[in-house]
Amino acid sequence: MYATDSQSPLLYGIMSGLWAIGLVVGGPVGSAFVQSSATTWRWAFFINLPFLGLAIICALIFVPGRPETNNLPLRDRLADIDILGIVLQVATTVLFAIAATFSGPVWEWSSAPCIAIWTTFAVVLAAWVVQQLRSYQKRPRHQVVPIKIMARRHMIPLWVASGCAGATYAIMLYYMPLFYAFSKGLSALQQT
């Protein structure tokens, strides 16, 4: 977001509050959909669509553009997007998820598909890192990952803390319902 220093704390507070509400409300609502005979688990996804539409409309109305690009034509603004960086980053993430998920349970570790997917992941990851380091096809200001930030040592504790918080959240979100379902025999709604 493009906000002044005085607006940033308020905006971060609003975003964090909405995120927390989603965490608290999402589990029970999703569980209610699963247990109801009138709905299926797919409704846990469908209910998000009106909120997504509202968020897009609010963003288009209330979020200002970058001041330095407001006067540029749309073609020039689209040309500033790091398409190659985005494609390589998404491909790296998807390939890693597929490789980490299927290696072992689905594919033998020494099988051709397993070796091929890990090799492809390594090649695409290397291409993405080189593209970001060399600013290939983009000015450094418009990269997917701003490499200059990586060189700031005082940011490392922030990254470690954010990674630990994200891991803790993901572990609790995934494993707590499984624990209550399998060891305590609770229903989907009781788990939340």
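All residue numbers here begin at 1 and follow the chain in the order shown.
Each Cβ is built from the backbone N, Cα and C atoms, and glycine gets one as well.
If you check TrEMBL, you get these features:
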- 12-34: transmembrane segment (TRANSMEM)
- 40-63: transmembrane segment (TRANSMEM)
- 83-103: transmembrane segment (TRANSMEM)
- 109-130: transmembrane segment (TRANSMEM)
- 156-176: transmembrane segment (TRANSMEM)
Review point. What residues in the same chain, six or more past the boundaries of the transmembrane segment (109-130), come closer than 8 Å to it by Cβ-Cβ distance?
Key: 85, 88-89, 91-92, 95-96, 98-99, 102-103, 136
Check your understanding: Looking only at residues six or more beyond either end of the transmembrane segment (12-34), which have a C-beta under 8 A from one in the stretch?
Key -> 40-41, 43-44, 47, 173, 177, 187-189, 191-192
